[in-house]
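As C-alpha coordinates, the structure follows; a few thoughts come after it.
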Amino acid sequence: MHRGPKRNVCRYYMASGHCQYGDQCQFLHVRTGHQPSNPHRKPPPGPMGLLPLDTTKKMDRPPFPAHSMNAHPQPIMPRKSTSAPVMRGPGPSSYSSLRQSHVKQYGMGSLQPPPPAKAAANKMRTNKLNTAPAQAQVDAGGTTYFYSHHQPPYTAYVQDPTHTARSRGKSTSQPTFFCSEGLKKELIQRQTGCQAVADETGGPSEVDSYHSLHPLEPVAQDLELRRLFGHTSTCYRATSSKDGLFYCLRRLHGVRLTTHKSVQQFDKWRKVEHSSLVSLREMFTTKAFGDNSVVFVYDYLPGAETLDSRHLQGGRHARALPESLLWDYIVQLAAAVRAVHTAGLALYTLDSTKILVTGSGSPRLFMNCAGIMDILTFDSTSTPVDPTLQQQQDLVGIGQLLVGVALQSPTATQPENFHQSLEYLTSHFSPDLHHIVQYCLRSGSEGPPHSIVEVLSMIGGRVYHCLEQAQLQRDWLEAELSKELENGRLFRLLAKLGTITERPEYDGDPQWAETGDRYLLKLFRDYLFHQVQPSGAPWVDLAHIVQSLNKLDSGVSENILLHSRDEQSVLIVSYSDLKSCIDQTFSQLTAVPFPDSNH
(Lines of atoms letter the chains of each structure in order from A and count residues from 1; the text may use other names and numbers.)
(Lines give C-alpha, C1' and ligand atoms only; values in the text may rest on other atoms or scores of the structure.)
Protein backbone atom coordinates (compact mmCIF):
# COMPACT_ATOMS: atom_id res chain seq x y z
CA MET A 1 0.00 0.00 0.00
CA HIS A 2 1.40 3.38 -1.04
CA ARG A 3 1.99 5.84 1.83
CA GLY A 4 1.88 9.57 1.44
CA PRO A 5 4.95 11.71 1.91
CA LYS A 6 6.37 11.71 5.41
CA ARG A 7 5.93 15.21 6.77
CA ASN A 8 6.22 14.82 10.55
CA VAL A 9 9.41 14.19 12.50
CA CYS A 10 9.69 11.08 14.66
CA ARG A 11 10.11 12.19 18.24
CA TYR A 12 11.73 8.87 19.26
CA TYR A 13 14.44 9.30 16.61
CA MET A 14 15.05 12.94 17.59
CA ALA A 15 15.40 12.11 21.29
CA SER A 16 17.62 8.98 21.18
CA GLY A 17 18.85 8.56 17.58
CA HIS A 18 16.93 5.32 16.92
CA CYS A 19 13.31 4.26 16.58
CA GLN A 20 11.78 0.97 17.66
CA TYR A 21 9.65 0.84 14.48
CA GLY A 22 12.67 1.03 12.15
CA ASP A 23 11.85 1.53 8.47
CA GLN A 24 8.18 0.83 9.14
CA CYS A 25 7.82 4.13 11.05
CA GLN A 26 5.46 6.54 9.29
CA PHE A 27 7.39 9.63 10.50
CA LEU A 28 10.61 11.21 9.24
CA HIS A 29 13.86 10.11 10.85
CA VAL A 30 15.77 13.43 11.03
CA ARG A 31 18.60 14.00 13.48
CA THR A 32 18.80 17.13 15.68
CA GLY A 33 19.95 20.14 13.71
CA HIS A 34 18.16 19.13 10.47
CA GLN A 35 14.89 20.75 9.48
CA PRO A 36 11.85 18.74 8.34
CA SER A 37 10.63 19.03 4.83
CA ASN A 38 7.50 20.98 5.79
CA PRO A 39 8.56 24.47 6.81
CA HIS A 40 4.95 25.68 7.18
CA ARG A 41 4.13 23.31 10.00
CA LYS A 42 3.99 24.99 13.41
CA PRO A 43 5.44 23.12 16.37
CA PRO A 44 2.93 21.74 18.87
CA PRO A 45 2.28 23.86 21.93
CA GLY A 46 4.43 22.94 24.88
CA PRO A 47 3.72 22.99 28.57
CA MET A 48 1.63 25.95 29.80
CA GLY A 49 0.68 26.68 26.18
CA LEU A 50 4.17 28.05 25.29
CA LEU A 51 5.80 27.75 21.87
CA PRO A 52 9.42 26.68 21.42
CA LEU A 53 12.01 29.33 20.72
CA ASP A 54 12.55 29.83 16.99
CA THR A 55 16.34 29.59 16.56
CA THR A 56 16.23 29.99 12.79
CA LYS A 57 15.71 33.75 13.04
CA LYS A 58 18.56 36.01 14.06
CA MET A 59 18.01 38.20 17.05
CA ASP A 60 19.49 41.29 15.39
CA ARG A 61 17.60 43.77 17.60
CA PRO A 62 18.46 44.80 21.13
CA PRO A 63 16.08 43.51 23.81
CA PHE A 64 15.11 47.09 24.75
CA PRO A 65 15.00 50.29 22.70
CA ALA A 66 17.53 53.01 23.28
CA HIS A 67 15.10 55.27 25.07
CA SER A 68 14.70 52.70 27.85
CA MET A 69 18.02 53.83 29.30
CA ASN A 70 16.13 56.65 31.00
CA ALA A 71 12.91 55.40 32.54
CA HIS A 72 12.27 58.61 34.41
CA PRO A 73 13.39 62.23 34.17
CA GLN A 74 16.66 62.76 35.98
CA PRO A 75 17.35 65.52 38.49
CA ILE A 76 18.64 68.81 37.15
CA MET A 77 20.17 71.70 39.02
CA PRO A 78 17.34 73.41 40.91
CA ARG A 79 16.52 76.85 39.65
CA LYS A 80 14.45 79.63 41.08
CA SER A 81 10.95 79.86 39.73
CA THR A 82 8.16 82.29 40.39
CA SER A 83 5.46 79.75 39.58
CA ALA A 84 4.20 77.70 42.50
CA PRO A 85 4.41 73.95 42.09
CA VAL A 86 1.17 72.12 41.58
CA MET A 87 0.80 68.63 43.01
CA ARG A 88 -0.82 66.47 40.37
CA GLY A 89 -2.63 63.28 41.10
CA PRO A 90 -1.62 59.91 39.69
CA GLY A 91 -2.14 59.28 36.06
CA PRO A 92 -0.25 58.79 32.80
CA SER A 93 2.88 60.95 33.05
CA SER A 94 4.93 62.05 30.05
CA TYR A 95 8.66 62.02 30.52
CA SER A 96 9.69 62.34 26.88
CA SER A 97 10.72 66.02 26.85
CA LEU A 98 12.79 65.74 30.02
CA ARG A 99 14.31 62.48 28.92
CA GLN A 100 15.29 64.04 25.58
CA SER A 101 17.14 66.89 27.32
CA HIS A 102 19.06 64.50 29.56
CA VAL A 103 20.06 62.25 26.69
CA LYS A 104 21.43 65.19 24.74
CA GLN A 105 23.24 66.45 27.82
CA TYR A 106 25.01 63.17 28.51
CA GLY A 107 25.63 62.21 24.90
CA MET A 108 23.27 59.27 24.64
CA GLY A 109 22.18 60.05 21.10
CA SER A 110 18.87 61.17 19.78
CA LEU A 111 15.74 60.01 21.47
CA GLN A 112 12.20 60.15 20.14
CA PRO A 113 9.12 59.65 22.28
CA PRO A 114 7.22 56.44 21.53
CA PRO A 115 4.03 56.68 19.48
CA PRO A 116 0.80 56.73 21.51
CA ALA A 117 -0.21 53.28 20.31
CA LYS A 118 2.95 51.79 21.83
CA ALA A 119 2.89 53.76 25.09
CA ALA A 120 1.79 50.81 27.21
CA ALA A 121 4.34 48.44 25.68
CA ASN A 122 7.18 50.94 25.98
CA LYS A 123 6.27 51.63 29.59
CA MET A 124 6.57 47.94 30.38
CA ARG A 125 9.93 47.76 28.64
CA THR A 126 11.11 50.90 30.38
CA ASN A 127 10.36 49.48 33.79
CA LYS A 128 12.85 46.68 33.06
CA LEU A 129 15.80 49.00 32.56
CA ASN A 130 19.03 47.22 31.60
CA THR A 131 17.81 43.93 33.01
CA ALA A 132 17.27 40.78 31.01
CA PRO A 133 14.29 38.78 32.23
CA ALA A 134 15.18 35.55 33.94
CA GLN A 135 14.40 32.62 31.64
CA ALA A 136 13.63 29.00 32.35
CA GLN A 137 13.42 26.07 29.97
CA VAL A 138 11.45 22.86 29.84
CA ASP A 139 12.38 19.84 27.67
CA ALA A 140 9.35 17.91 26.43
CA GLY A 141 9.33 15.40 23.57
CA GLY A 142 12.76 16.42 22.35
CA THR A 143 11.76 20.12 22.09
CA THR A 144 13.02 22.87 24.39
CA TYR A 145 10.51 25.48 25.51
CA PHE A 146 11.65 28.83 26.94
CA TYR A 147 9.60 31.15 29.14
CA SER A 148 10.29 34.12 31.40
CA HIS A 149 9.82 34.51 35.11
CA HIS A 150 7.64 37.61 35.42
CA GLN A 151 8.32 39.76 38.46
CA PRO A 152 5.26 40.56 40.57
CA PRO A 153 4.02 44.12 40.17
CA TYR A 154 5.49 46.55 42.65
CA THR A 155 2.40 48.75 42.73
CA ALA A 156 -1.10 47.75 43.77
CA TYR A 157 -3.00 50.89 42.79
CA VAL A 158 -6.10 50.44 40.67
CA GLN A 159 -9.20 52.47 40.01
CA ASP A 160 -12.43 52.01 41.90
CA PRO A 161 -14.47 48.92 40.98
CA THR A 162 -16.92 49.71 38.20
CA HIS A 163 -20.05 48.92 40.18
CA THR A 164 -18.83 51.05 43.10
CA ALA A 165 -17.99 54.06 40.93
CA ARG A 166 -21.28 53.95 39.05
CA SER A 167 -23.35 53.43 42.19
CA ARG A 168 -22.09 56.80 43.38
CA GLY A 169 -23.32 58.50 40.22
CA LYS A 170 -19.97 58.56 38.42
CA SER A 171 -19.47 57.20 34.96
CA THR A 172 -15.70 57.44 35.36
CA SER A 173 -13.49 57.58 38.42
CA GLN A 174 -10.10 59.29 38.50
CA PRO A 175 -7.52 57.28 40.46
CA THR A 176 -6.38 58.82 43.71
CA PHE A 177 -4.30 57.86 46.70
CA PHE A 178 -6.68 59.28 49.31
CA CYS A 179 -10.22 58.59 50.47
CA SER A 180 -13.06 60.99 49.71
CA GLU A 181 -13.28 64.28 51.57
CA GLY A 182 -16.78 63.54 52.85
CA LEU A 183 -15.76 60.27 54.50
CA LYS A 184 -12.59 61.83 55.89
CA LYS A 185 -14.56 64.72 57.38
CA GLU A 186 -17.02 62.36 59.04
CA LEU A 187 -14.25 60.21 60.55
CA ILE A 188 -12.34 63.25 61.77
CA GLN A 189 -15.47 64.57 63.47
CA ARG A 190 -15.83 61.26 65.31
CA GLN A 191 -12.20 61.38 66.43
CA THR A 192 -12.67 64.97 67.56
CA GLY A 193 -15.61 63.85 69.68
CA CYS A 194 -13.36 61.35 71.44
CA GLN A 195 -10.62 63.93 72.06
CA ALA A 196 -12.76 66.88 73.18
CA VAL A 197 -12.04 68.19 76.69
CA ALA A 198 -14.45 70.43 78.57
CA ASP A 199 -13.30 73.40 80.66
CA GLU A 200 -15.93 72.59 83.26
CA THR A 201 -17.15 69.06 83.86
CA GLY A 202 -19.68 69.83 86.56
CA GLY A 203 -18.64 66.74 88.51
CA PRO A 204 -15.73 64.59 89.65
CA SER A 205 -12.90 63.63 87.33
CA GLU A 206 -13.06 59.96 88.32
CA VAL A 207 -15.97 57.67 89.16
CA ASP A 208 -15.47 54.03 90.10
CA SER A 209 -13.11 52.61 87.41
CA TYR A 210 -13.77 55.45 84.93
CA HIS A 211 -11.79 58.66 84.60
CA SER A 212 -11.53 61.77 82.40
CA LEU A 213 -15.27 62.49 82.50
CA HIS A 214 -16.50 64.83 79.77
CA PRO A 215 -20.14 66.03 79.72
CA LEU A 216 -22.04 65.18 76.55
CA GLU A 217 -24.74 67.74 77.33
CA PRO A 218 -24.43 71.49 78.03
CA VAL A 219 -23.47 71.99 81.68
CA ALA A 220 -25.53 75.18 82.00
CA GLN A 221 -28.70 73.51 80.72
CA ASP A 222 -31.68 73.42 83.07
CA LEU A 223 -31.70 70.12 84.94
CA GLU A 224 -35.47 69.93 84.55
CA LEU A 225 -34.95 69.46 80.82
CA ARG A 226 -32.84 66.35 81.43
CA ARG A 227 -35.46 64.16 82.98
CA LEU A 228 -35.49 60.45 82.17
CA PHE A 229 -38.24 58.18 83.54
CA GLY A 230 -39.09 60.84 86.14
CA HIS A 231 -35.49 61.31 87.32
CA THR A 232 -32.89 63.97 86.53
CA SER A 233 -30.25 62.53 84.22
CA THR A 234 -26.75 63.58 83.16
CA CYS A 235 -24.62 61.97 80.46
CA TYR A 236 -20.79 61.79 80.38
CA ARG A 237 -18.08 60.37 78.16
CA ALA A 238 -15.44 58.56 80.22
CA THR A 239 -12.41 56.34 79.76
CA SER A 240 -12.28 52.93 81.41
CA SER A 241 -9.23 52.12 83.52
CA LYS A 242 -9.70 48.43 82.70
CA ASP A 243 -9.44 48.43 78.91
CA GLY A 244 -8.76 52.09 77.98
CA LEU A 245 -11.92 52.35 75.83
CA PHE A 246 -14.48 55.16 75.80
CA TYR A 247 -17.88 54.59 77.38
CA CYS A 248 -21.02 56.61 77.96
CA LEU A 249 -22.04 57.04 81.62
CA ARG A 250 -25.73 57.77 82.19
CA ARG A 251 -26.18 59.10 85.73
CA LEU A 252 -29.56 59.27 87.47
CA HIS A 253 -29.51 61.87 90.25
CA GLY A 254 -30.69 60.98 93.75
CA VAL A 255 -31.82 57.43 92.96
CA ARG A 256 -31.48 54.55 95.38
CA LEU A 257 -32.16 50.98 94.26
CA THR A 258 -34.78 49.32 96.46
CA THR A 259 -33.34 45.81 96.15
CA HIS A 260 -30.10 44.21 95.11
CA LYS A 261 -32.06 41.64 93.13
CA SER A 262 -32.52 44.21 90.38
CA VAL A 263 -29.20 42.91 89.15
CA GLN A 264 -31.20 40.04 87.69
CA GLN A 265 -32.78 42.44 85.19
CA PHE A 266 -29.39 43.93 84.45
CA ASP A 267 -28.02 40.47 83.59
CA LYS A 268 -30.87 39.96 81.12
CA TRP A 269 -30.16 43.22 79.32
CA ARG A 270 -26.43 42.66 79.26
CA LYS A 271 -26.99 39.53 77.18
CA VAL A 272 -28.99 41.36 74.49
CA GLU A 273 -26.73 42.24 71.56
CA HIS A 274 -27.88 43.86 68.33
CA SER A 275 -26.32 46.15 65.72
CA SER A 276 -29.05 48.78 66.29
CA LEU A 277 -28.99 48.67 70.09
CA VAL A 278 -26.60 50.58 72.37
CA SER A 279 -25.42 47.77 74.63
CA LEU A 280 -25.61 48.07 78.41
CA ARG A 281 -22.21 47.09 79.85
CA GLU A 282 -22.24 47.89 83.57
CA MET A 283 -24.29 49.35 86.40
CA PHE A 284 -23.16 50.67 89.78
CA THR A 285 -24.14 53.07 92.55
CA THR A 286 -21.88 55.90 93.68
CA LYS A 287 -21.66 58.91 96.02
CA ALA A 288 -18.88 60.60 94.05
CA PHE A 289 -21.34 63.29 92.87
CA GLY A 290 -22.36 64.19 96.42
CA ASP A 291 -25.58 62.17 96.46
CA ASN A 292 -26.85 58.66 95.91
CA SER A 293 -26.64 58.14 92.16
CA VAL A 294 -27.07 55.15 89.88
CA VAL A 295 -24.77 55.05 86.87
CA PHE A 296 -25.50 52.97 83.76
CA VAL A 297 -22.54 52.31 81.45
CA TYR A 298 -23.26 52.07 77.69
CA ASP A 299 -21.16 51.89 74.56
CA TYR A 300 -19.99 55.31 73.38
CA LEU A 301 -20.94 56.37 69.83
CA PRO A 302 -18.77 59.38 68.85
CA GLY A 303 -20.50 61.94 66.69
CA ALA A 304 -24.00 60.56 67.35
CA GLU A 305 -27.02 62.83 67.64
CA THR A 306 -30.59 62.13 68.63
CA LEU A 307 -33.34 61.55 66.11
CA ASP A 308 -35.12 64.53 67.64
CA SER A 309 -32.22 66.93 67.00
CA ARG A 310 -31.80 65.77 63.39
CA HIS A 311 -35.41 65.76 62.22
CA LEU A 312 -37.72 67.38 64.78
CA GLN A 313 -35.94 69.98 66.84
CA GLY A 314 -36.77 73.63 66.17
CA GLY A 315 -39.36 72.83 63.49
CA ARG A 316 -36.95 73.98 60.78
CA HIS A 317 -37.90 71.20 58.35
CA ALA A 318 -40.62 72.40 56.02
CA ARG A 319 -40.97 69.28 53.90
CA ALA A 320 -41.69 65.65 54.73
CA LEU A 321 -38.93 63.09 55.03
CA PRO A 322 -38.11 61.08 51.87
CA GLU A 323 -39.88 57.75 52.02
CA SER A 324 -36.77 55.77 51.09
CA LEU A 325 -34.98 57.09 54.19
CA LEU A 326 -38.07 56.44 56.29
CA TRP A 327 -38.09 52.79 55.20
CA ASP A 328 -34.44 52.49 56.26
CA TYR A 329 -35.44 53.74 59.70
CA ILE A 330 -38.38 51.33 59.88
CA VAL A 331 -36.23 48.29 59.05
CA GLN A 332 -33.64 49.18 61.70
CA LEU A 333 -36.28 49.99 64.31
CA ALA A 334 -38.18 46.75 63.71
CA ALA A 335 -35.01 44.65 63.81
CA ALA A 336 -33.87 46.13 67.13
CA VAL A 337 -37.34 45.79 68.71
CA ARG A 338 -37.57 42.18 67.55
CA ALA A 339 -34.24 41.34 69.25
CA VAL A 340 -35.47 42.86 72.54
CA HIS A 341 -38.92 41.24 72.40
CA THR A 342 -37.41 37.85 71.60
CA ALA A 343 -35.45 38.09 74.87
CA GLY A 344 -38.73 38.64 76.76
CA LEU A 345 -38.04 42.34 77.42
CA ALA A 346 -39.43 45.70 76.35
CA LEU A 347 -37.70 48.95 75.40
CA TYR A 348 -39.95 51.65 76.97
CA THR A 349 -37.71 54.22 75.20
CA LEU A 350 -39.12 54.44 71.66
CA ASP A 351 -38.95 58.21 71.74
CA SER A 352 -37.11 60.53 69.34
CA THR A 353 -34.96 61.84 72.20
CA LYS A 354 -33.77 58.33 73.13
CA ILE A 355 -32.81 57.13 69.63
CA LEU A 356 -29.35 57.99 68.30
CA VAL A 357 -28.38 58.56 64.65
CA THR A 358 -24.89 58.35 63.12
CA GLY A 359 -23.71 58.92 59.57
CA SER A 360 -25.14 61.02 56.79
CA GLY A 361 -25.21 59.02 53.54
CA SER A 362 -26.63 55.82 55.03
CA PRO A 363 -27.65 56.79 58.59
CA ARG A 364 -27.64 54.22 61.37
CA LEU A 365 -30.18 54.11 64.19
CA PHE A 366 -29.35 52.99 67.74
CA MET A 367 -31.84 52.39 70.55
CA ASN A 368 -30.45 54.17 73.62
CA CYS A 369 -31.13 54.00 77.38
CA ALA A 370 -32.32 50.39 77.13
CA GLY A 371 -32.90 48.52 80.39
CA ILE A 372 -33.12 51.53 82.73
CA MET A 373 -36.88 51.33 83.23
CA ASP A 374 -36.80 47.58 83.92
CA ILE A 375 -34.08 47.95 86.53
CA LEU A 376 -35.63 50.94 88.32
CA THR A 377 -39.13 49.43 88.54
CA PHE A 378 -38.08 45.87 89.36
CA ASP A 379 -39.89 44.45 92.41
CA SER A 380 -38.82 41.02 93.58
CA THR A 381 -41.74 40.67 96.03
CA SER A 382 -44.52 41.01 93.47
CA THR A 383 -45.64 38.55 90.83
CA PRO A 384 -43.59 38.79 87.60
CA VAL A 385 -45.42 40.93 85.03
CA ASP A 386 -46.17 39.52 81.60
CA PRO A 387 -44.01 41.58 79.19
CA THR A 388 -46.67 41.39 76.46
CA LEU A 389 -48.38 44.59 77.67
CA GLN A 390 -45.11 46.55 77.61
CA GLN A 391 -44.30 45.14 74.19
CA GLN A 392 -47.64 46.40 72.88
CA GLN A 393 -46.68 49.86 74.11
CA ASP A 394 -43.43 49.56 72.14
CA LEU A 395 -45.45 49.04 68.96
CA VAL A 396 -47.57 52.08 69.74
CA GLY A 397 -44.34 54.03 70.24
CA ILE A 398 -43.15 52.94 66.79
CA GLY A 399 -46.34 54.21 65.17
CA GLN A 400 -46.19 57.60 66.87
CA LEU A 401 -42.48 57.92 66.15
CA LEU A 402 -42.99 57.24 62.43
CA VAL A 403 -45.71 59.89 62.18
CA GLY A 404 -43.54 62.56 63.77
CA VAL A 405 -40.38 61.70 61.80
CA ALA A 406 -42.24 61.35 58.48
CA LEU A 407 -43.66 64.87 58.80
CA GLN A 408 -40.48 66.17 60.54
CA SER A 409 -42.69 68.04 62.98
CA PRO A 410 -42.53 67.84 66.80
CA THR A 411 -46.24 68.74 67.03
CA ALA A 412 -47.46 66.11 64.57
CA THR A 413 -48.27 63.61 67.34
CA GLN A 414 -50.06 66.03 69.62
CA PRO A 415 -53.75 65.08 70.16
CA GLU A 416 -55.13 68.14 68.39
CA ASN A 417 -52.94 67.55 65.31
CA PHE A 418 -52.76 63.76 65.19
CA HIS A 419 -55.77 63.16 62.93
CA GLN A 420 -54.59 65.74 60.42
CA SER A 421 -51.11 64.21 60.47
CA LEU A 422 -52.52 60.77 59.61
CA GLU A 423 -54.43 62.26 56.67
CA TYR A 424 -51.26 63.88 55.38
CA LEU A 425 -49.42 60.56 55.77
CA THR A 426 -52.12 58.77 53.77
CA SER A 427 -52.04 61.24 50.88
CA HIS A 428 -48.25 61.69 50.55
CA PHE A 429 -46.82 58.25 51.35
CA SER A 430 -47.35 54.73 50.05
CA PRO A 431 -50.20 52.52 51.29
CA ASP A 432 -47.67 50.04 52.71
CA LEU A 433 -46.25 52.68 55.05
CA HIS A 434 -49.70 53.84 56.10
CA HIS A 435 -50.73 50.24 56.81
CA ILE A 436 -47.73 49.68 59.11
CA VAL A 437 -48.42 52.89 61.04
CA GLN A 438 -52.10 51.97 61.52
CA TYR A 439 -51.18 48.45 62.68
CA CYS A 440 -48.74 49.78 65.29
CA LEU A 441 -51.13 52.45 66.59
CA ARG A 442 -53.91 49.86 67.12
CA SER A 443 -51.65 47.76 69.36
CA GLY A 444 -52.95 47.46 72.90
CA SER A 445 -56.56 47.89 71.84
CA GLU A 446 -59.17 45.19 72.14
CA GLY A 447 -58.45 42.04 70.23
CA PRO A 448 -55.49 39.70 69.89
CA PRO A 449 -52.11 41.25 70.77
CA HIS A 450 -50.01 42.52 67.92
CA SER A 451 -46.47 41.33 67.30
CA ILE A 452 -43.31 42.86 65.88
CA VAL A 453 -43.02 39.74 63.70
CA GLU A 454 -46.16 40.87 61.87
CA VAL A 455 -44.58 44.28 61.31
CA LEU A 456 -41.54 42.61 59.76
CA SER A 457 -43.78 40.62 57.42
CA MET A 458 -45.51 43.85 56.34
CA ILE A 459 -42.15 45.40 55.47
CA GLY A 460 -41.63 42.56 52.99
CA GLY A 461 -39.45 43.40 50.02
CA ARG A 462 -38.31 46.72 51.51
CA VAL A 463 -35.81 44.71 53.55
CA TYR A 464 -34.05 43.60 50.36
CA HIS A 465 -33.72 47.19 49.22
CA CYS A 466 -32.10 48.13 52.53
CA LEU A 467 -29.83 45.11 52.28
CA GLU A 468 -28.78 46.16 48.80
CA GLN A 469 -27.97 49.67 50.00
CA ALA A 470 -25.97 48.27 52.91
CA GLN A 471 -23.94 46.08 50.56
CA LEU A 472 -23.26 49.01 48.22
CA GLN A 473 -22.16 51.07 51.21
CA ARG A 474 -19.84 48.26 52.26
CA ASP A 475 -18.33 48.03 48.76
CA TRP A 476 -17.79 51.78 48.70
CA LEU A 477 -16.09 51.79 52.09
CA GLU A 478 -13.78 48.97 50.96
CA ALA A 479 -12.91 50.94 47.83
CA GLU A 480 -12.15 54.02 49.94
CA LEU A 481 -10.03 51.94 52.32
CA SER A 482 -8.05 50.43 49.43
CA LYS A 483 -6.94 53.93 48.41
CA GLU A 484 -5.18 54.38 51.75
CA LEU A 485 -3.94 50.79 51.90
CA GLU A 486 -0.32 51.46 50.91
CA ASN A 487 0.07 54.92 52.40
CA GLY A 488 1.35 53.68 55.75
CA ARG A 489 4.04 51.59 54.10
CA LEU A 490 5.22 54.52 51.96
CA PHE A 491 5.23 56.85 54.96
CA ARG A 492 7.44 54.42 56.87
CA LEU A 493 9.88 54.41 53.96
CA LEU A 494 9.87 58.21 53.76
CA ALA A 495 10.46 58.41 57.51
CA LYS A 496 13.57 56.24 57.15
CA LEU A 497 14.85 58.29 54.24
CA GLY A 498 14.25 61.56 56.09
CA THR A 499 16.03 60.45 59.25
CA ILE A 500 19.12 59.34 57.32
CA THR A 501 19.77 62.35 55.09
CA GLU A 502 20.94 65.80 56.26
CA ARG A 503 21.83 65.12 59.91
CA PRO A 504 23.63 68.27 61.16
CA GLU A 505 24.57 66.72 64.52
CA TYR A 506 26.96 64.35 62.71
CA ASP A 507 28.74 67.00 60.63
CA GLY A 508 32.44 66.25 60.69
CA ASP A 509 31.97 62.83 62.26
CA PRO A 510 34.11 60.36 60.26
CA GLN A 511 31.70 57.55 61.13
CA TRP A 512 28.79 59.45 59.56
CA ALA A 513 30.27 61.21 56.58
CA GLU A 514 27.82 61.66 53.73
CA THR A 515 29.71 59.33 51.46
CA GLY A 516 29.02 55.89 50.13
CA ASP A 517 25.55 54.67 51.00
CA ARG A 518 24.42 57.95 52.54
CA TYR A 519 25.59 59.89 49.49
CA LEU A 520 23.51 57.67 47.20
CA LEU A 521 20.45 58.23 49.37
CA LYS A 522 21.02 61.98 49.30
CA LEU A 523 21.12 61.91 45.49
CA PHE A 524 18.02 59.74 45.40
CA ARG A 525 16.24 62.26 47.62
CA ASP A 526 16.91 64.93 44.99
CA TYR A 527 15.79 62.56 42.25
CA LEU A 528 12.57 61.94 44.15
CA PHE A 529 11.54 65.46 45.17
CA HIS A 530 13.68 68.04 43.35
CA GLN A 531 12.90 67.41 39.69
CA VAL A 532 12.61 70.46 37.40
CA GLN A 533 11.24 71.03 33.94
CA PRO A 534 13.42 72.11 30.99
CA SER A 535 12.26 75.67 31.61
CA GLY A 536 13.52 75.50 35.19
CA ALA A 537 10.11 75.38 36.83
CA PRO A 538 9.61 72.76 39.57
CA TRP A 539 8.24 69.48 38.25
CA VAL A 540 5.94 68.02 40.92
CA ASP A 541 4.26 64.75 40.08
CA LEU A 542 2.77 62.60 42.82
CA ALA A 543 2.67 59.59 40.49
CA HIS A 544 6.47 59.76 40.01
CA ILE A 545 7.05 59.94 43.78
CA VAL A 546 4.73 57.05 44.59
CA GLN A 547 6.05 54.85 41.78
CA SER A 548 9.67 55.45 42.75
CA LEU A 549 8.98 54.72 46.42
CA ASN A 550 7.19 51.50 45.53
CA LYS A 551 10.13 50.37 43.42
CA LEU A 552 12.53 51.25 46.25
CA ASP A 553 10.48 49.35 48.82
CA SER A 554 10.30 46.31 46.54
CA GLY A 555 13.99 46.50 45.62
CA VAL A 556 13.51 45.94 41.89
CA SER A 557 16.53 45.60 39.62
CA GLU A 558 15.68 48.61 37.47
CA ASN A 559 18.50 51.15 37.13
CA ILE A 560 18.18 54.92 37.44
CA LEU A 561 20.60 57.75 36.76
CA LEU A 562 21.59 59.95 39.70
CA HIS A 563 23.89 62.94 39.70
CA SER A 564 24.93 65.63 42.12
CA ARG A 565 23.58 69.15 42.15
CA ASP A 566 26.78 70.48 40.61
CA GLU A 567 26.53 67.77 37.89
CA GLN A 568 30.11 66.63 38.61
CA SER A 569 29.13 63.15 39.82
CA VAL A 570 26.96 60.85 37.72
CA LEU A 571 25.98 57.42 39.05
CA ILE A 572 23.87 54.57 37.70
CA VAL A 573 22.35 52.57 40.51
CA SER A 574 19.49 50.10 40.87
CA TYR A 575 16.59 50.27 43.27
CA SER A 576 17.82 47.03 44.78
CA ASP A 577 21.12 48.68 45.74
CA LEU A 578 19.30 51.69 47.14
CA LYS A 579 17.09 49.45 49.26
CA SER A 580 20.19 47.75 50.72
CA CYS A 581 21.70 51.18 51.42
CA ILE A 582 18.67 52.47 53.27
CA ASP A 583 18.27 49.27 55.32
CA GLN A 584 21.91 49.13 56.38
CA THR A 585 22.19 52.85 57.12
CA PHE A 586 18.98 52.95 59.14
CA SER A 587 20.16 49.93 61.13
CA GLN A 588 23.40 51.75 61.91
CA LEU A 589 21.49 54.85 62.92
CA THR A 590 19.23 53.02 65.39
CA ALA A 591 21.73 50.45 66.71
CA VAL A 592 24.50 52.25 68.61
CA PRO A 593 24.75 56.05 68.98
CA PHE A 594 27.79 57.59 67.35
CA PRO A 595 30.39 59.13 69.66
CA ASP A 596 30.45 62.91 69.88
CA SER A 597 33.33 64.08 67.67
CA ASN A 598 33.62 67.35 69.61
CA HIS A 599 34.86 65.59 72.78
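Including glycine, each Cβ sits where the backbone N, Cα and C put it.
In TrEMBL, annotation is done automatically, which means it is predicted and not curated.
Pulled from TrEMBL:
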| type | residues | note |
| --- | --- | --- |
| BINDING | ARG250, THR353, LYS354 | ATP binding site |
| COILED | 461-499 | coiled coil |
| DOMAIN | 4-32 | domain 'C3H1-type' |
| REGION | 32-51 | region 'Disordered' |
| REGION | 67-98 | region 'Disordered' |
| REGION | 500-599 | region 'Knob domain' |
| ZN_FING | 4-32 | zinc finger |
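Cβ neighbour count for ARG250 (ATP binding site): 21 (other Cβ atoms within 10 Å of its Cβ, all protein chains included).
Counting only same-chain residues six or more apart in sequence, the Cβ atoms lying under 8 angstroms from the Cβ of LYS354 (ATP binding site) belong to THR306, MET367, ASN368, CYS369. The maximum pairwise C-alpha distance among ARG250, THR353, LYS354, the residues recorded as binding ATP, is 14 Å. In sequence order, THR306, LEU307, ASP308 are the residues of the chain that are 6 or more apart from THR353 (ATP binding site) and have a CB within less than 8 Å of its CB. For the ATP site, the Cβ centre of ARG250, THR353, LYS354 serves as reference, and the other residues of the chain with Cβ at most 8 Å from it are LEU228, SER233, THR306, THR349, ASP351, ASN368, CYS369. The region 'Knob domain' (500-599): residue composition by secondary structure is 50 helix, 13 strand, 37 coil, according to DSSP. This prediction places the mean pLDDT of the region 'Knob domain' (500-599) at 82.
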